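Undergrad: This is the structure, below, for whatever I ask next.
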Amino acid sequence: MATLKISSSLFISFLLTLCLLAIPSLSSDSDPLQDFCVGDLKSSPSINGFPCKSGVSSSDFFFSLGGPLNTSNPNGVTVSPANVLTFPGLNTLGLSMNNVEFAPGGVNPPHSHPRASEAGIVIEGSVYVGFLTTNNTLFSKVITAGEMFVVPRGLVHFQWNVGQVKARLITAFNSQLPGAAVLPSTLFGSFPEIPNAVLTKTFRTDDKTVNNLKSKFAA
């Protein structure tokens with residue numbers, strides 16, 4: 001009987017330990033302790049966002065994503081973001097959105113969002129959407145108005161307007177500031193520059209090619 005009691009106690013302790021270890025891995029953004037906290041962008045941000053500003057008004061909770069946007073750039077795509085930096089009412093709420101517009105043939109180049117998963121819906125046009133897993137598997141599909149997609153957090157993805165007219169997406173993120181690492185700009189337009197030796201070996205190419213690419217992404 002004594003052995004049974006000891007075994008039961010050890011088993012309960014083991015379960016409690018597992019539960020405690022699991023809590024951090026399941027945690028998400030902290031629950032807000034007030035109705036809202038409109039960000040004071042004049043203050044320095046902390047881990048959980050900006051300090052709350054005083055003197056809040058109705059206008060702090062409304063925002064325009066704009067449009068139509070000017071897509072006359074090399075990629076033929078323009079993003080109008082609604083994140084905490086442009087819409088301080090999102091502060092501490094753990095969400096943000098983008099309006100993304102494409103010229104015919106426009107491409108939103110391969111990029112990732114390190115702090116958020118992404119969901120999007122096509123409003124106009126036909127868009128080829130794809131993302132890559134960590135084992136280099138491509139999941140992709142052409143979607144049209146009324147259809148949506150999802151990209152898991154941190155995975156490289158892209159969008160391409162495959163139609164003959166402009167296209168438009170509305171995207172949403174589970175972060176007030178999802179961040180974006182755009183691969184071409186990150187690799188060839190960084191400051192300080194990534195050494196040529198790293199890039200030539202990575203891409204199995206030469207200095208001339210790397211320097212040419214860097215010239216196209218120079219700030």
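Every residue number used here counts from 1 along the chain in the order it is shown.
Glycine is treated like the rest: Cβ placed from N, Cα and C.
In case it helps, TrEMBL gives these features for our protein:
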- 1-27: signal peptide (SIGNAL)
- CYS37-CYS52: disulfide bond (DISULFID)
- 63-211: domain 'Cupin type-1' (DOMAIN)
- ASN98, ASN108, HIS113, GLU118: oxalate binding site (BINDING)
- HIS111, HIS113, GLU118, HIS157: Mn(2+) binding site (BINDING)
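How buried are the listed features, and what sits near them?
TA: Taking a C-beta cut-off of under 8 Å and a sequence gap of six or more, CYS37 (disulfide bond) has these contacts in its own chain: GLY49, PHE50, PRO51, CYS52, ASN91, THR92.
Other Cβ atoms within 10 Å of the Cβ of GLU118 (oxalate binding site), summed over all protein chains shown, number 21.
For HIS111 (Mn(2+) binding site), the same-chain residues that are 6 or more apart in sequence and have a Cβ closer than 8 Å to its Cβ are VAL156, HIS157, PHE158, ALA180, ALA181, VAL182, LEU183.
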Undergrad: For the recorded oxalate site, enumerate neighbouring residues of the same chain (Cβ within 8 Å of the Cβ centroid of ASN98, ASN108, HIS113, GLU118, site residues themselves excluded), in sequence order.
TA: VAL79, VAL100, HIS111, GLY120, VAL151, HIS157, THR171, PHE173, PRO178, ALA180
Undergrad: For the binding-site residues ASN98, ASN108, which one has the sparsest Cβ surroundings, going by other Cβ atoms within 10 Å?
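TA: If we count Cβ atoms within 10 Å for the binding-site residues ASN98, ASN108, the smallest count is at ASN98.
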